[in-house]
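Q: According to TrEMBL, the domain 'Cytochrome c' annotation covers 40-143, 188-295, 312-401. What TrEMBL records for Cys54, Cys57, His58 is heme c 1 binding site. The heme c 2 binding site annotation in TrEMBL covers Cys203, Cys206, His207. Annotation comment: TrEMBL describes Cys325, Cys328, His329 as heme c 3 binding site.
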Amino acid sequence: MRQSIRPGAPLMNSRQWAEENNMSKLIPILAVMFSASAFANTAEGEYIARIADCVACHTQKNGDEMAGGKRFQTPLGDIFSTNITPDRQQGIGAYSYEEFDRAVRQGIARDGHYLYPAMPYPSYEKMKEEDIRSLYDYFMHGVKPSAQKNQASEIPWYFSPRWPLRIWNGLFTETAAGTAVAQDPQQNRIMRGKYIVEGPGHCGACHTPRGIAQQEKAYDSADPVYLSGAMIDGWFAPSLRDLTLADDELQALLHRGRSRHSAVAGPMSEVITQSTQYLTEADRRSVSAYLLSLNSDKAHGDRVVSSERAKTKNASGNALYFRYCSTCHAIDGKGTDYNVPSLVNNAAVNAEDPANLIKVIAWGAETPVTKGNIPYKMPAYQGEISDEQLRDVVNYVRGAWGNHVEPISEQKIKDVLENKH
């Protein structure tokens, strides 16, 4: 239809006509498209934050989410996690994307100071840029700001200068960078699992032994030390190499914190609650596939050795087990499927270091809080039985039903419960 022209009226060019007739309709469409795109990026960032387990370290009990304040014990003194909400004064709200990226992947804060490597940036250094961008969008737009103040570290003044961390980074983060595994999620399952475990999941931060400078001794599976087990905060993070679990059992532990024969206890419970239970089914399968790919050719058959030897050599432990443990774990130590873990071929029972088993019996334990699962609580027996009796029951369990680990002393019980290793 031809535009009508009134005598003396100025002509309307095509651009003006388009702006007048179309832009008013395009604006809400563009706004919806932008909003949907931003929401998708924030949702992706929230998922990555779950994989990276940010909330577990940066949220103290009864504190604001991501507002820091959680205490961490280090050989140099105690430190506290920082506020990473988008509050501009106490948190990271003033960070540009570049500054955020540098903090996450290089361990350098906005003002230039070096972060303590309790922040696992040697692992995060392997993360893909698109994951870091999604993470940034989530923290800036999907996390509630909190003005909770950051707490100063309790490291003695003579250890508190940060400049040595620059040397630490030069010595150890280059090693991590050299093993980068940024893989396309569409590549094969094991490579996706490798990326999650070695990158955002930072599993090596707990499960890999540390050197004299508190650096991880290895950053990827090419080194057999990687994920070979380590002590952390008085608990033993077991080796993730040569796992005896079947694929479905391992996936169940990651998803629910329990499987048919096993259950998670100790610090790993929080990792399940805050992180791995949220893995998509595809990512959970990928992580399991990668970890099981680290297995060697060792045979993992069920032991069938009788427990008679343990009974005769440890009558006290046998009696204590019957009185305190058999109701739930059963006379044969096999527990109840999906509820009470079996003690037969149990990783914590057969671990070279019995710290986890001792602490669970002494202090009790609770399985992770996961969707659709009621947590199972084991009572604490410290105060109910003596250290000598605790030694006897530990030695009985570690020598019964085919378990055959060296017995421990009463002094070992005392050292573990006092966090001396």
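Cβ atoms here come from the backbone N, Cα and C positions, even for glycine.
Just so you know, TrEMBL annotations are computer predictions that nobody has curated.
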Q: Among all protein chains shown, how many Cβ atoms are found within 10 Å of the Cβ of Cys203 (heme c 2 binding site), not counting that one?
A: 24
Q: I'm trying to understand the geometry here, so how far is the Cα atom of His329 (heme c 3 binding site) from the Cα atom of His207 (heme c 2 binding site), in Å to the nearest whole number?
A: 28
Q: Give the three-state DSSP assignment (helix, strand or coil) for Cys325 (heme c 3 binding site).
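A: The three-state answer is coil.
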Q: Measure the Cβ-based neighbour count of Cys206 (heme c 2 binding site), defined as the other Cβ atoms within 10 Å of its Cβ.
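A: If we count other Cβ atoms within 10 Å of Cys206 (heme c 2 binding site), we arrive at 22.
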Q: Could you give the Cα-Cα distance between His58 (heme c 1 binding site) and Cys206 (heme c 2 binding site), in whole Å?
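A: His58 (heme c 1 binding site) to Cys206 (heme c 2 binding site), Cα-Cα distance: 17 Å.
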Q: Calculate the distance in Å between the alpha carbons (Cα) of His207 (heme c 2 binding site) and Cys328 (heme c 3 binding site), and round it to a whole number.
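A: Roughly 30 Å, rounded to the nearest whole number.
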Q: Can you check what DSSP calls Cys54 (heme c 1 binding site), collapsed to helix, strand or coil?
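A: For Cys54 (heme c 1 binding site) - judged by DSSP and reduced to three states - the answer is helix.
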